[in-house]
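Colleague: Here you go, one structure.
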Amino acid sequence: MTTAGYRRIIVKLSGEALAGDMPHGIDQATVDRFAADLVAARALGVTLGVVVGGGNLLRGATAASHGADRTVADVMGMLATVMNALALESAIERLGASARAMSAVEMPQVCETYERRAARRHLADGRIVLFAGGTGNPFFTTDTTAVLRAAEMGADAVLKATNVDGVYSADPKRDPSARRYDRLSLDEAIERRLGVMDLTAFSLARDHRIPIIVFSIREPGAVESVLSGRGRATIVGG
Ligand code: UDP
């Protein structure tokens, strides 16, 4: 048990974070840093799953706004998440820890297909499971996937990694009067339309009483800090 009291968590890592300082793509140094962070968090004794986004490579809605077919673009977005998950899986295993990428989109030559009971077994065996391919359906996001997998895996919380240290009333980079919340309810997050997650993700979290911990991934060791109750974060729900 960690200081913050979480035994089983799902970390949501956006694709954008994996690009590091680059506008697009996968920055290997950043992947290696996140892998080390996840391995350190796992060493606290917490059971750890990770839902990886794909926005560093392709976002369906953006591609559709340039004329692509939305459902095809979303499938491409889901494939992007698989690439990111493979990069993380490989980086975690290079550190000597055990990881398993599982894709909601079947591609047996590439990685295991997501199956709830198999994923639970991997977690129970101490592996870090990388949930790839989103929900496997177009028109959803990997934020929603994170809450969905948290519900399926019986996780205590979703740790949503961002570039800022919590949820603010407005964009703190643009509005100096923006207020930072330490805690807020999922109802408040939905009513105030706080953009940190989409409404589908928030309402699923509310229905299943899964708190979302919003924290900054910018500093090395961030996941471990939040789990041990040291790091700054906003707790939404719970
Ligand atoms: N996506 C999808 N269904 C899902 C999850 C993701 O179609 O269940 C697609 C969608 O096109 C999305 C892309 O995959 O834009 C990448 O995911 P997301 O935008 O959530 O990644 P992030 O913003 O976290 O990097």
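Yeah, the Cβs are placed from backbone N, Cα and C, and that goes for glycine too.
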Colleague: Which single residue out of Asp32, Asp37, Asp69, Asp74 does TrEMBL record at the UMP site shared with Gly54, Thr135, Gly136, Asn137, Pro138, Phe139, Phe140, Thr141, Thr142?
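Modeller: Same UMP site in TrEMBL: Asp74.
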Colleague: Can you tell me which of Lys12, Thr162, Tyr168, our binding-site residues, come within under 6 Å of ligand 1 at the Cβ?
Modeller: none
Colleague: So among Lys12, Thr162, Tyr168, all listed as binding-site residues, which is physically nearest to Thr135 (UMP binding site)? Use the C-alpha atoms.
Modeller: Lys12
Colleague: Within the same chain, and leaving aside Gly54, Asp74, Thr135, Gly136, Asn137, Pro138, Phe139, Phe140, Thr141, Thr142, name every residue whose CB is within 8 angstroms of the centroid of the CB atoms belonging to the recorded UMP site, in sequence order.
Modeller: Gly60, Gly77, Met78, Gly134, Thr144, Thr145
Colleague: I'm trying to understand the geometry here, so how far is the Cα atom of Thr141 (UMP binding site) from the Cα atom of Gly55 (ATP binding site), in Å to the nearest whole number?
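Modeller: Their Cα atoms are separated by 10 Å.
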Colleague: Over all shown protein chains, what is the count of other CB atoms within 10 A of the CB belonging to Tyr168 (ATP binding site)?
Modeller: 18
